[in-house]
Structures are given as structure tokens and as C-alpha cells.
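Per TrEMBL, the features are:
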| type | residues | note |
| --- | --- | --- |
| ACT_SITE | 167 | active site, proton donor |
| ACT_SITE | 254 | active site, nucleophile |
| BINDING | 22, 64, 69, 70, 89, 136, 248 | substrate binding site |
Ligand code: CIR
């Protein structure tokens, strides 16, 4: 199974409490109606590839809960519930559990009290699982994940998220089995040695968080040079408005869990 082919996805409608969502820099409150419209286009694009997409109800108690990616890691063999490092988001994983349990026969959990790990720090390729240490993901969380997936024959490689960057995948995306889209500030670390790297155009760093989902690349609108680079490389690029999620540090990958349940 290709690491960019999926039969299913789960998303969650944004809550009105999104205006209290976590953010590194205050650039104004997200507009809920516009965010919902972008979210609708996102879900429609996923469904357009033939995938079965579940859209969960908004969770007002968790302002950042639209960013479902951070709650779980979905592998072909089973799903692993994360332990988000942001205290206001810790409870989101338990909210996701019943939805994954209905689809997967095997569920595991990051459970160590000192273990923190968010899905946004995890890039799964065909050969390995790269996990970036960040303000949200620590050594104990990465070590626990490595133990949990060892008997499924997955290898975890610890890497670094650049300073000041929220998640590892804020700065990179898997485009196909051997190709990643990445910012220079991340790629200079050497973490993608052995992969082909498509560099994000200078000044378009926020375009690095895209997703390859079956035949298309969901890509944030507003980054024409990087978009054209991907198109020239042969990818079918589908632009989605991301202005409102960007205000609270969210992007294309954060908005869904993508998987093929076992
Ligand atoms: C947060 O700070 O947790 C949210 N405002 C943004 C989460 C984005 N998630 C992701 O990149 N996977």
C-alpha cells in the first residue's frame, strides 16, 4: 500500500470556540463562516478522490479540535492515539478514539505521563516514520511510539523541528514514495538525505504543509511559485483556501486523519 493512497479520512467541523484557538502570533480572530467554507472545499476534494470521508461534529470544549491530525497516527496495521503536548488539547485524543475503534481492529495508545506527541510532528513514508521533536513532542513520546510500532515492523527516526516552527510537518509534506516538499530551513538539517526534495519557493514557507491524497495534492491557496513547481513536477494540485486556519497555525495536513483501516 502506497503511503499516499487512502480509502478513508476523518475530519471535524470547526467549533465557534476556534477564536480561542492556540496561536504563536496574534494576526486576528479566524472568521468561522469562511473557515467552514474552506473546510467544505477540503472535504469535497478528499471525497472527489473516491475516499470515504467522515466529518465529525464540532467540539466546542476544544477550540483547536478541527485539527484532528494531532490526535492519532493511523498506520495500515492499526491506529495509535497520541498524547498532545498542548494541555488544552490533551482531551482531544479520547474524543477521537471511538471513531477510529469503529474502523480499526487494533488500537494502541501513547500513555506515559511524561510522553507527549502530536500527529503534526509525524511524517510516515514508505520506509520509515520520521518524528520531529518540538514544543509539542518530546523524547519520551517518540520512544513510546517506537516501542508501540516495533512489532508492526515500523522504524521510527527522531528528527528535529526547526526552532520557532510549530510542528515538523509545518515545514514538509510527502509527495510520493521518495519525494518530499520541504522548506530550506528544514531540509538543511539533512533529515531528508536519501529522498528527493522539492524546495518550497523562498518567501512561501507556509506552502510546505500540503497533502498528497490519492491522485491529488491539496495545497494552500496563495503560493503560486511553489504551486507551479509542483505542477511542473507532474502533480495534480488542488488549491484550498487556508487564510483562516493559518491564523491559528493550521494547514492542509492538520485537518484530517488519512488511512486505510486493517
Ligand atoms: C495548535 O497550536 O495546536 C493549533 N492552533 C494548530 C495545530 C495545527 N496542527 C498541525 O499542524 N497538525
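Yeah, the Cβs are placed from backbone N, Cα and C, and that goes for glycine too.
Note: TrEMBL annotation is automatic and uncurated.
Same-chain neighbours of the substrate site beyond 22, 64, 69, 70, 89, 136, 248, judged by a C-beta within 8 angstroms of the site's C-beta center, are, in sequence order, 21, 67, 84, 86, 92, 118, 120, 249, 250, 254. Binding of substrate is attributed in the record to 22, 64, 69, 70, 89, 136, 248, and the widest Cα separation among these residues amounts to 15 Å.
The Cβ of 64 has fewer other Cβ atoms within 10 Å than any other of the binding-site residues 64, 69, 70. DSSP assigns residue 167 (active site, proton donor) to coil, not to a helix or a strand.
The separation of the residue listed as 'active site, proton donor' from residue 22 (substrate binding site), Cα to Cα, is 13 Å. All protein chains included, residue 22 (substrate binding site) registers 15 other Cβ atoms within 10 Å of its own Cβ.
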